[in-house]
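Q: Below you will find the structure I want to go over with you.
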Amino acid sequence: MKLQKSKNATRNIIYGMLLKIYQMFMPFVMRTVIIYYLGAEFLGLSSLFNSILQVLNLAELGVGSAMVFSMYKPIAENDKEKLCALLNLYRKYYRIIGTLILIIGVAIVPVLPKLISGSLPAGVDLYILYFLNLSATVLTYWLFAFKNSLLQAYQRTDVVSKVFIVTDTLKYILQIVSLIIFKDYYLYCIVLLVSQIMNNIMIAYGAKQRYPDLEPKGHLPKAEQKIINGKIKDLFTTKLATTLLSSGDTLVISAMLGLIMLAMYQNYYYLISAVLGCFTIIHTAITAGIGNSLIVDTMEKVKQTFNMLFFGILWLLTFCVGCFLSLMQPFMEMWVGNKLMLKDEIVILLVIYFCVYELTQFFSVYKEAAGIWHQDRFRPLICSIINIVLNLIFVQKWGVYGVVLATIISSGCVSLPWVIHNVFKYILKENPAAYLQKFLKYVLLGILINILIGIITAKIHLSIIMDLGIKLIICISVINIVWIFFFRKTEEFIELKNMITRVLQGRKKHE
């Protein structure tokens, strides 16, 4: 079966972006409501719960990624019998995972108070709130979780996006009512639990409607199960690093600096992560297509696509960096006020982290699509150990700024170079040094553009809304005009322009 890679990727990106914009705006509204109606402590508490549950999700072991990868070949060959056997295996795994998360989640209850520096908000029962959040996570795995991976493997994440738009709308309405009218954080968490149940049921229904003949049944040969289990083991260290890098920072800030500082940091990180979420939509949409391309296309075609995508990602990064540096602090002043703002240094550090993280994720797309997890298994572990050690040292010297710096060092000096090496060695089969000149050219131009943007925007001092609007227009126009001027004749730009043109015209990309 030959997938319509361009059509599916385009559809996934469109609906994924719509969902991401929606999920950027509504959580922003929710954070604002919590800050103004309950207080920053509750916002910090919510972030702490999210981080604890992300750590518990380590029990997932990377089953989801291994599942999607193992489906690429039977989908390409239209082997429905094997797909059904895979679904049956993964249903079993997810039930076990949900049970493990529940057991571990209950076991860590005694240490919960130690994860918070200072006192809790008045009238809050930490344990009830924790169990409500834990239940939502456990039910994610117990209720048809394997159906989501089926849609992802078939490049139909647009179905998932549509479901989330519907269920999230209802969730946010009820949560806003619970906070503004009832001022009840418990009700807020109960709504979260119910919405998670609705999500899983509706996604399972969507998968059933589109693939009615694919049900969990049959069994894989022991040899194939062993291969899959090996990939899951290799993926665990990757999941461990990702979790510790994101959740570890939050846990350290909460335990060492308190809930209010955590809320302040998370407000900044929210903006960064929201934009990273848009990049993730692109990554998710193209991963299955890249995986299929690695099977059916020539190496020349694979490299051509890689060059085009790398060029596009660097272009987007340059634009995002300019916007963050120019707009983040004025926006924070308008949103939360001076009392909940951090110094300008946090913006610079988060921008560096943003670039390192996104480049790592871009190369990881190829790693995931090719399934080279075994060769990558030690990278996340080493990176996470360095991050934890530096976190505990730097937080005592530089506070929240030291936490971000620790993440930059561990990711930029270990994780990024390592994954680049693996992609070039095992997939592209080239020396990455050959691409260094091209990369430095992109980076140098990006730096010069943003210096120019900084000089221009530094002279603008108007009302906050006007200030933001004019600076945004400058970022959009200057960055894109300069980038297009310098690269308009390159093969990467021409290929990217042609692909965008085909997408806008609704044409299929030539395979």
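Any Cβ shown, glycine's included, is placed from N, Cα and C.
Not my notes, these are from TrEMBL:
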TRANSMEM  21-39  transmembrane segment
TRANSMEM  51-72  transmembrane segment
TRANSMEM  127-147  transmembrane segment
TRANSMEM  159-179  transmembrane segment
TRANSMEM  185-207  transmembrane segment
TRANSMEM  240-262  transmembrane segment
TRANSMEM  268-296  transmembrane segment
TRANSMEM  347-366  transmembrane segment
TRANSMEM  378-395  transmembrane segment
TRANSMEM  401-421  transmembrane segment
TRANSMEM  442-462  transmembrane segment
TRANSMEM  468-487  transmembrane segment
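Tell me what's around each of these sites.
A: Listed by sequence, the residues of this chain that lie at least six past the ends of the transmembrane segment (185-207) yet keep a Cβ under 8 A from its Cβ atoms are 38, 42, 124, 128-129, 132-133, 135-136, 139-140, 143-145, 147-148, 150-151, 159-160, 162-164, 166-168, 170-171, 174-175, 178-179, 214.
Through the fold, the transmembrane segment (347-366) approaches residues 268-269, 272, 275-276, 279-280, 283, 286-287, 290, 306, 309-310, 313, 317, 320-321, 324-325, 328-329, 401, 404-405, 407-408, 411-412, 415-416, 419-420, 423, 427 of its own chain, all at least 6 residues removed from its boundaries and within a Cβ separation under 8 Å.
Distant neighbours of the transmembrane segment (401-421): 241, 245, 249, 252-253, 265, 343, 345-346, 349-350, 352-353, 356-357, 359-360, 363-364, 367, 376, 379-380, 382-384, 386-387, 390-391, 393-395, 432; these residues of the same chain sit at least 6 beyond its ends, with a Cβ under 8 Å from one of its Cβ atoms.
Among residues of the same chain six or more beyond the transmembrane segment (442-462), those with a C-beta under 8 A of the stretch's C-beta atoms are 311, 314, 317-318, 321-322, 325-326, 470-471, 474-475, 478-479, 482-483, 486.
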Q: Spell out yes or no: are there three or more C-beta pairs under 8 angstroms between the transmembrane segment (159-179) and the transmembrane segment (468-487), with each pair 6 or more apart in sequence?
A: no
Q: Please report, as numbers and ranges, the same-chain residues at least 6 past the borders of the transmembrane segment (268-296) whose CB is under 8 Å from any CB of it.
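A: Hits for the transmembrane segment (268-296): 2-3, 5-6, 8-10, 12-13, 16-17, 19-20, 23-24, 27-28, 31, 68-69, 72-73, 76, 152-155, 157, 302, 305, 309, 313, 316, 320, 324, 328, 331-332, 342, 346-347, 350, 353-354, 357-358, 361-362, 365-366, 368-371, 427, 511.
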